[in-house]
Amino acid sequence: MTADLLLTHFNQVFCPNDLGHPLFGAEMKEARVLEDGYIAVKDGKILAVGSGEPDASLIGPDTKIQSYEGKIATPGLIDCHTHLVYGGSREHEFAKKLAGVPYLEILAQGGGILSTVRATREASFENLYDKSKKLLDYMLLHGVTTVEAKSGYGLNWETEKRQLDVVGALDRDHEIDLVSTFMAAHAVPPEYKGRSQEYLELIVEEMLPRVKEENLAEFCDIFCEKGVFTADESRYLLSKAKEMGFKLRIHADEIESIGGVDVAAELGATSAEHLMMATDEGIRKMAEAKVIGNLLPATTFSLMEDTYAPARKMLEAGMAITLTTDSNPGSCPTANLQFVMQLGCFMMRLTPVEVLNAVTINAAYSVNRQDKIGSFDTGKQADITILDAKNIDYPLYFFATNLTHQVYKAGKLVVDQGRIV
């Protein structure tokens with residue numbers, strides 16, 4: 001079979017192993033790295049990858065051939081935890097952060113998430129759409145081709161639905177594919193202060209059924225943290241969501257360890273998020289339950305904390321992990337996944353291969369798109385990120401610079417040398 005598109009002579013092509021499950025523990029150390037590699041694409045899907053001169057059978061009279069000496073290729077990068085859609089911004093809290101005021105104290109003062117809730121409730125669909133599109137454009141220019149996006153800045157049905165409608169519209173309109181997560185349990189809204197269980201009952205009885213009926217989200221998430229929702233409250237919400245057919249996520253062990261990872265393990269959550277304060281016992285439980293750890297080192301960086309999620313302990317225990325931005329207006333105002341990848345090396349001591357596996361094949365499993373993206377297996381969508389680097393180590397070593405040369409989405413060139421095309 002001849003290719004429509006043949007990308008040749010890469011210095012290296014990074015090929016994650018899709019073993020039929022996320023890469024656990026030591027499996028994350030392994031990948032195929034093709035020297036003088038090529039990628040053949042047919043009808044927007046991967047036809048073949050290899051080293052050296054492509055087989056003549058791949059080349060027909062209409063095959064477009066492009067050479068990439070001095071470049072590397074990876075599967076399209078996947079940002080599997082973001083709070084993409086929101087109103088306003090929170091630079092007015094930056095001075096407090098610099099002065100050492102803790103995140104939960106800012107929240108208790110009516111700032112933090114609640115500040116963004118007020119701005120998001122006031123924002124129109126058009127305003128939220130335009131703001132989120134700009135973030136997606138930035139992500140695409142940095143090599144990202146799939147993004148998970150949560151609601152959670154409405155905390156009422158009208159605004160939560162507006163956020164999810166924006167995600168759905170952008171999924172249709174933008175080159176980046178989006179995966180929706182419903183997270184009305186991001187905080188207790190001011191009108192339910194002191195009545196968190198009553199608010200969760202509202203979510204369970206009124207919001208979740210409508211989200212499912214209107215097919216607005218695939219995942220359900222909750223913030224299990226001191227001063228927000230307890231482990232028992234998280235168990236209540238997520239068990240009800242599971243009964244309705246949602247896949248589960250949980251923000252856990254970010255600031256204190258209060259049992260969120262136990263809930264993740266008990267309910268078979270797809271992933272647990274943050275995990276900076278994860279204990280050895282919690283890590284063991286997640287490993288046994290095959291819960292993916294979505295790690296967000298840029299949040300630790302932004303909060304100016306010293307404790308990063310114990311990635312090496314997790315791998316030694318046999319967990320699967322990802323790296324992702326947590327892009328949001330407060331605790332992590334960035335949309336640069338390449339920077340997050342570099343933090344994975346510099347602050348978590350992950351190797352380049354482990355990092356690249358974390359943002360490709362494991363991230364694909366985290367968003368339930370492993371059959372479509374995350375590796376260069378034949379038949380998967382031809383999402384390809386091309387970096388201006390001579391080997392796979394270089395973009396992790398040469399930090400704080402966007403090295404994206406080109407991006408292909410389903411075999412279509414969508415980024416070319418700093419421009420969206």
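Backbone N, Cα and C define each Cβ position, glycine as well.
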Residue from Glu254, Glu266 that Swiss-Prot also lists as binding 4-imidazolone-5-propanoate with Arg90, Tyr153, His186, Ser331: Glu254
Identity of the Fe(3+)-site residue among His9, His21, His251 (reference: His81, His83, Asp326, source: Swiss-Prot): His251
For the Zn(2+) site built from His81, His83, His251, Asp326, further residues of that chain with CB within 8 A of the site's CB center: Thr82, Lys150, Glu273, His274, Asn294, Leu296, Thr299, Thr324, Ser327, Asn328, Cys332
Nearest of the binding-site residues (Tyr153, His251, Glu254) to Asn328 (N-formimidoyl-L-glutamate binding site) - Cα to Cα: Tyr153
Those binding-site residues, out of Arg90, Tyr153, Gly330, Ser331, that come within 10 angstroms of His251 (Zn(2+) binding site) at the Cα: none
Neighbours of Tyr153, Asn328, Gly330 excl. site residues, C-beta within 8 Å of centre, N-formimidoyl-L-glutamate: His83, Tyr86, Arg90, Gly112, Ile113, Thr116, Gly152, Pro329, Ser331
Close in space, distant in sequence - His83 (Zn(2+) binding site), Cβ under 8 Å, 6 or more apart: Ala149, Lys150, Gly152, Tyr153, Asp326, Ser327, Asn328, Pro329
